[in-house]
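A.B. asks: Below is one structure. I have some questions about it.
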């Protein structure tokens, strides 16, 4: 028997699902992944002919070094955070809303309809409230469309929401070139919001950041403590079970997608009235897609999304800084962000699974 | 002393024989001291298993005793932590299902792994090496030949989504045979079959045995063990208890080995109080997606304090009947009338509940509990913990925007205690619990609603003896409380022992309502395939 057993070889590498992992270990793994991503990124920087330590330092200083850059970082984080919360409403019920971009644009346009053309009629406060409601309603309705179609005819929400993005984008282009073109401008652009109607600043950034923080808490309570949040979770797990429990699945679909779209529409309004003061094709600027990463990395937990969105905003801000400071091309700094995100997403595999190498099992058992 | 010497001598002799002859060994499979752990859970502990060439070995054990885990190691899905496996006398390493196939081991899983939109033959050749083009005609012919050789009835060109469960199982078995497997493992194959289909399957298994195949069949149905196997190996709590010749044992002995203590196999049928009318179903008719009648003019009445058994071949309209009453399946004709309990002079008037959604039925103050066939896909949410599952049916009762988790948590804790549910705690997702415990959670929750009508569909499917008897007891308790129980069953023996009346369905029609004390199993079997004076509608 002894002789024969040498022929019997264990596989070189095996994947075993972890039973439970203490949070401390899980964070240990994430920490290691972050370090490894910095090292890998460092190699890239070395190849470009720069000192990785200086570049990394510049990234941190560039995003947190002074109140001006902190304002910029927060300005980037706010739309990411609110959008991530918005889409997590849909994602929790396994409704793949990848149409946040479109919902943001539509929200911005609706806010713009009031902001640009009724600023001379209304005083500031009612105007802002009007823009807020218009943005949220428009975004909500734009999100409602795929939900109604899915509930009625079973359409695919992924394709549907994606296509709606392009429609919204084309509509903005049409407004820029046609009816909303700024008077006297030689190239297509929409006029600026008058300074009197712009969102007030609190600690240097428009008050959207306070709203975002409130939304984090509100979304957390909604998901975990309310009946509607519970219904979303049940529908997400199984439509059949939901029907069995007497939950009206179509109503949950439509209600939740309205909320999801409304939050994205709110982002559009904030970007228009608080950050850009105008509407362009870049108003959404990929936020709708980056927010998907944020929501997933945070595992749909609003509090986690706060951390992740600030982190990603910092990376983007930092990447900007090193472009100007070190003349590192934009593509390379984007690559750096990509490397860090790759490691952070990839390490989740090691949080869920562990690998066993040949002959190493005894120590584990 | 002499005896000991003899024993040693025998062992040495046997070993010599194996080592010397290799191929000529009697054993198709030998597993020696196999251990497998998942985290802290020991699924198999030093298990030995021997399968002789050309025999049918039954692997018997309660739920969670490690039968499936052991077989998954043989078929390359899991890799053992310790222990050796020999196939035809040669030590081997099985790293993947591919390795297992190469060694001639084929496993038919409880949950089928078939591509719905493909035909039987396409599924069978899927994943096999071959030319870039597929000659469907030739493959259909080959598959057809293979099927007729063992006595299967199947159409190789039929699409999977058009197939009944038993047909899908046939395809799974053919898939394994087509790959040239000579060691077959069947994981609870009869759990999804009717008595007739089971007989057919057993005939096929005997044909395969005659053809020299070695077969392991995982089961916990004792009468099937007695009917089909040559030897029985018993596992209990992951440990190997022993192996016995089927001919030299009986059900009582097997039960004792499996459970660890002798238990009675008789089902109690408490005397039925003369109850009042509870549900009246009149002319219920349902269509499925293709416009075929799944229920056809079904009429019957249930009474409080009785168990109405519903018998019938799988797919005779049982699912639709339950779901139509529970408000989950649209109907085209008929009505369901509910009469509430009478308190003194106060009788709740007869309410028409057909066409109402589940929540609307609840709003009328009617407490109807329903344990659906698909436990984790419909009755429970697999990814949620017990608390969240317990409140699934009652979370709306509390007014306001927020949910109350305290009450359901208390209910969950009470259920764990009263029904002896084995789980690390109320926070464990129910999907991680074993089948018997999942069913206890589901039935426990429904009973906690203190229903006046309780509909249970296949409540003991896939459950071990202990859990099954616990479920029967629970149903009897409800009956004594005056609940009108509708019990959809598949095991005729159980139906006949437990029910006060049995309604037999055939092709969506009621072929009769009988008293189980006055008819035989065969009578009911006949009713399952014939509706009075009509051409048989069921296949």
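Every residue gets a Cβ built from N, Cα and C, even glycine.
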A.B. asks: Would you mind telling me which of A:184-203, A:204-223 TrEMBL tags as transmembrane segment?
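C.D. replies: That would be A:204-223, the stretch labelled transmembrane segment in TrEMBL.
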A.B. asks: Transmembrane segment per TrEMBL: which of the ranges A:229-251, A:252-274 is that?
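C.D. replies: In TrEMBL, the transmembrane segment feature sits at A:252-274.
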A.B. asks: May I ask for the residues of the chain that lie six or more residues beyond the transmembrane segment (A:103-122) and have a Cβ under 8 Å from a Cβ within it?
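C.D. replies: Sequence-remote neighbours of the transmembrane segment (A:103-122) are 79, 83, 86, 130-132, 134-139, 142-143, 164-165, 168-169, 171-172, 175, 180, 190-191, 193-194, 196-197, 260-261, 264-269, 271-273, 279, 283-284, 287-288.
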A.B. asks: In the same chain, which residue numbers or ranges, 6 or more beyond the ends of the transmembrane segment (A:252-274), come under 8 angstroms Cβ to Cβ?
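C.D. replies: Beyond its ends, the transmembrane segment (A:252-274) has Cβ neighbours at 78-79, 82-83, 85-87, 89-90, 92-93, 95, 97, 99-100, 103-112, 115, 128, 131-132, 134-144, 146-148, 150-151, 193, 197-199, 206-208, 211, 215, 228, 231-232, 235, 242, 283-284, 287-288.
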A.B. asks: Among the recorded stretches A:27-49, A:69-91, A:159-176, A:294-315, A:335-356, which has the greatest number of Cβ pairs closer than 8 Å to the transmembrane segment (A:204-223)?
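C.D. replies: By the under-8 Å Cβ criterion, the transmembrane segment (A:204-223) pairs most with A:69-91.
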A.B. asks: How about the transmembrane segment (A:294-315) with the transmembrane segment (A:69-91) - do they touch, taking at least 3 C-beta pairs under 8 Å (6 or more apart in sequence) as contact?
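C.D. replies: Counting Cβ pairs under 8 Å (6 or more apart in sequence), the transmembrane segment (A:294-315) reaches the transmembrane segment (A:69-91), since there are 3 or more.
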A.B. asks: Give me the stretch from A:27-49, A:69-91, A:159-176 with the greatest number of Cβ pairs under 8 Å to the transmembrane segment (A:335-356).
C.D. replies: A:27-49
